[in-house]
Amino acid sequence: MLVNLQLFGFRALWSPYFFLFVLALGITYYLITGPLRHKYGSVEGPTTKQKIFFYIGLVLLYIVKGSPIDLLSHITLTAHMMQMAIYLIVFPILMIKGIPAWIWKGVLFKPVIKPVMKVLTFPLISILLFNTLFSIYHLPAIFDMTKSSPAIHTSFHILLLIFGFLVWFPIMSPIKEWQIKHPLGKIFYIFGNSVLITPACILIIFADVPLYAAYSSSGAWIQAMALCVPGDVLSGLTTTSQITGPEMFSSMSTLEDQQLGGIIMKIMQEIIYGVILAKVFYAWFSPETLKVDPLPNTVANTTE
C-alpha cells in the first residue's frame with residue numbers, strides 16, 4: 001500500500017502548505033504566551049503541561065490532516081474514521097487544555113462573541129449541535145457531496161471542528177462559569193454524548209452494502225482524490241491508467257473497510273470518553289474535593 005501511495009507524490013503525501021500553517025500556529029502560540037505576553041497585561045505564561053498539550057495537539061493535527069493519513073482518508077473509510085476521531089475529539093481536548101484561560105477569555109469575551117458562546121456552550125445545545133452535524137455529515141448523500149467540492153468539504157470540516165470544541169466546553173472549559181457545575185451532571189453529559197454519536201456508527205457498521213460512492217465508484221473516488229492530490233498529478237495518473245480505484249490500495253473489500261471504519265470510530269470514541277469519565281470520577285472523589293463536598297454518610301458520621 002505504501003509503495004502505491006508514492007504514486008501521488010510528495011505534495012499529496014505530506015501537504016507542505018498545511019505543514020507551514022501548523023508551524024505558524026506553533027510560532028504564534030510561542031510568541032503570544034512568551035515574548036509578547038506582557039502586551040496583554042499581567043498574565044501568567046502557560047504551564048509545562050499546557051505547552052505539552054498544545055504542541056502534541058499540533059503534531060496530531062498535522063498527522064491526521066497533513067500526512068499520508070489524510071491521503072488514506074480519501075481512499076479507505078477506516079482511515080477516514082481514525083482521522084475524524086482524532087480531529088474532532090482528541091485535538092479539541094488538547095487545545096482546550098493547552099491554551100491558557102486568559103487567551104480564551106480575550107477571544108470569547110468580546111461583546112459580540114460572548115452572548116453567542118453562552119448559548120452555544122449550553123450543554124443541551126452543544127451536545128445536539130455536534131452529534132447532529134456529525135450524523136448528517138455521514139449520511140451517504142451529504143458525505144458524497146462534501147467529497148465532490150473542496151469548498152463544501154472544507155466548510156463542513158471547519159464547522160465540525162468548531163462544534164467539536166463546543167461539545168467539550170461544558171466539561172472542561174477554561175472559563176469555569178461555562179462548565180457543568182456538578183460532577184454527576186458531567187457524567188450524564190458524557191454518557192449522552194456517547195449515546196448520540198452511536199446511530200451514525202451503527203448505520204455504517206451494519207449496512208449490508210457500500211454506502212458511499214466516494215469509496216465504491218471509480219468516478220466519485222477520483223473526484224474525491226482531487227481534494228488532496230494536485231490536479232496535474234491526478235490527471236497524469238488517470239490518463240495513463242496508473243490508478244483504477246481504492247481497491248488497489250487495500251486488501252479489504254469496500255464493505256469490509258466500511259464496517260471496520262464504523263467499528264474503529266466507535267471504539268476510539270468510547271476509549272476517549274472513558275478516559276474523560278474516569279478523570280471526572282477521580283476529581284469528584286479526590287480527598288480535596290471530599291473536604292469541600294463530602295458524601296452524605298460522611299456528613300452523618302461527623303454530626304453524631
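Each Cβ is built from the backbone N, Cα and C atoms, and glycine gets one as well.
TrEMBL entries are annotated by machine, without manual review.
Residue ranges 116-136, 263-283 are listed, and TrEMBL annotates 116-136 among them as transmembrane segment. The transmembrane segment (156-175) makes no contact with the transmembrane segment (12-32): fewer than 3 of their CB pairs lie within 8 A, with pairs spaced 6 or more apart in sequence.
Among the stretches 12-32, 52-72, 84-104, 187-207, the one making the largest number of Cβ pairs under 8 Å with the transmembrane segment (116-136) is 187-207.
Panel annotation: around the transmembrane segment (12-32), residues 5-6, 40, 54-55, 58, 61-62, 65-68, 70-71, 99, 103, 228-230, 233 of the same chain, lying at least six beyond its termini, place a Cβ under 8 Å from a Cβ of the stretch.
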